[in-house]
Amino acid sequence: MGRHLEQSIVLIGFMGVGKTSVGKSLAEKLNWKFIDTDEEIEKELNLPATEIFRTFGEKVFRAKEKEVIERISHEKNKVISVGGGAFLQKEVRAICLENCTVVLLDLSWDHWLDRLPLIIETRPVLHNRSLDDIQQLYEERKSTYNYHHVKVDIDERSIEEAVDQIMNDLTAAN
Ligand SMILES: Nc1ncnc2c1ncn2[C@@H]1O[C@H](COP(=O)(O)OP(=O)(O)O)[C@@H](O)[C@H]1O
Ligand SMILES: O=C(O)C1=C[C@@H](OP(=O)(O)O)[C@@H](O)[C@H](O)C1
Ligand SMILES: [Mg+2]
């Protein structure tokens with residue numbers, strides 16, 4: 001098994017690129033456990049993310065996100081999909097880069113636009129923003145995604161093809 005498959009995998013990237021769906025399928029392929037940090041946060045606070053943002057604010061969400069990631073990133077043989085904002089926190093970046101293989105799912109803006117209608121309702125960060133504002137956020141977030149071990153281009157790839165590409169790139173990157 002390659003070096004990159006010896007520790008848990010953390011999938012990062014902008015909202016809607018497919019971290020949750022691709023992560024689930026990658027975990028099945030590797031026969032590893034799948035953890036989605038948003039699902040953990042929602043379970044622990046017993047509220048959907050939109051409600052957490054609305055009721056308690058983003059700060060509380062980020063604190064819980066950090067706590068969940070600090071706890072699970074030490075576990076072996078896991079595919080961990082984090083939220084698109086997790087890497088805004090430098091402690092989160094550091095702990096993931098130290099303990100896991102961090103894989104960036106890279107989707108171009110033009111391809112990402114197809115995802116917008118699928119995610120708009122459930123992503124509070126996108127609410128009350130114009131398309132220009134969202135594109136600006138997409139560009140701004142790029143610098144936080146520079147912290148990774150492996151970048152995988154997922155333009156024009158189905159979920160299954162994205163998983164195959166990740167497996168290829170993780171093996172080739174050794
Ligand atoms: N490779 C893909 N091709 C087409 N649709 C996709 C792909 N990956 C994810 N999707 C769809 O995009 C939406 C967002 O996916 P999701 O896994 O929730 O992304 P993220 O966790 O990065 O926010 C879902 O409706 C999902 O079915
Ligand atoms: O980018 C962000 O700030 C967020 C991304 C979401 O996760 P996905 O990236 O899985 O959509 C979720 O954590 C929350 O709505 C905030
Ligand atoms: Mg997700």
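Each Cβ is built from the backbone N, Cα and C atoms, and glycine gets one as well.
Please treat TrEMBL annotations as automatic predictions, because they have not gone through curation.
For G16, V17, G18, K19, T20, S21, R123, R157, the entry in TrEMBL reads ATP binding site. Summarising the annotation, TrEMBL assigns Mg(2+) binding site to T20. Feature annotation from TrEMBL assigns substrate binding site to D38, R62, G84, R141.
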Recorded substrate site residues D38, R62, G84, R141, farthest C-alpha pair in Å: 18
Entries of D38, R62, R141 which, being binding-site residues, have CA atoms within 10 angstroms of K19 (ATP binding site): none
DSSP state at D38 (substrate binding site), helix/strand/coil: helix
Minimum Cα separation from G16 (ATP binding site), reported as the residue among binding-site residues D38, G84, R141 that achieves it: G84
Shortest C-alpha distance to R157 (ATP binding site) - which of the binding-site residues D38, R62, G84, R141: G84
Spatial neighbours of R141 (substrate binding site) among the binding-site residues V17, G18, T20, S21, R123 [C-alpha, 10 Å]: none
Among G16, V17, G18, K19, T20, S21, R123, R157, the record's ATP binders - longest CA distance, Å: 23
Residues among the binding-site residues V17, R62, R141 that border ligand 2 - Cβ under 6 angstroms, in sequence order: none
All-chain count of other Cβ atoms within 10 Å of D38 (substrate binding site): 22
Inter-residue C-alpha distance, S21 (ATP binding site) and D38 (substrate binding site) (nearest angstrom): 13
In the chain carrying T20 (ATP binding site), residues 6 or more apart in sequence that have Cβ under 8 angstroms from it: D36, D38, S81
Among K19, R62, R123, R141, R157, the most crowded of the binding-site residues [Cβ within 10 Å]: K19
Annotated binding-site residues G16, V17, S21, D38, R62, filtered by Cβ under 6 Å to ligand 1: G16, V17, S21
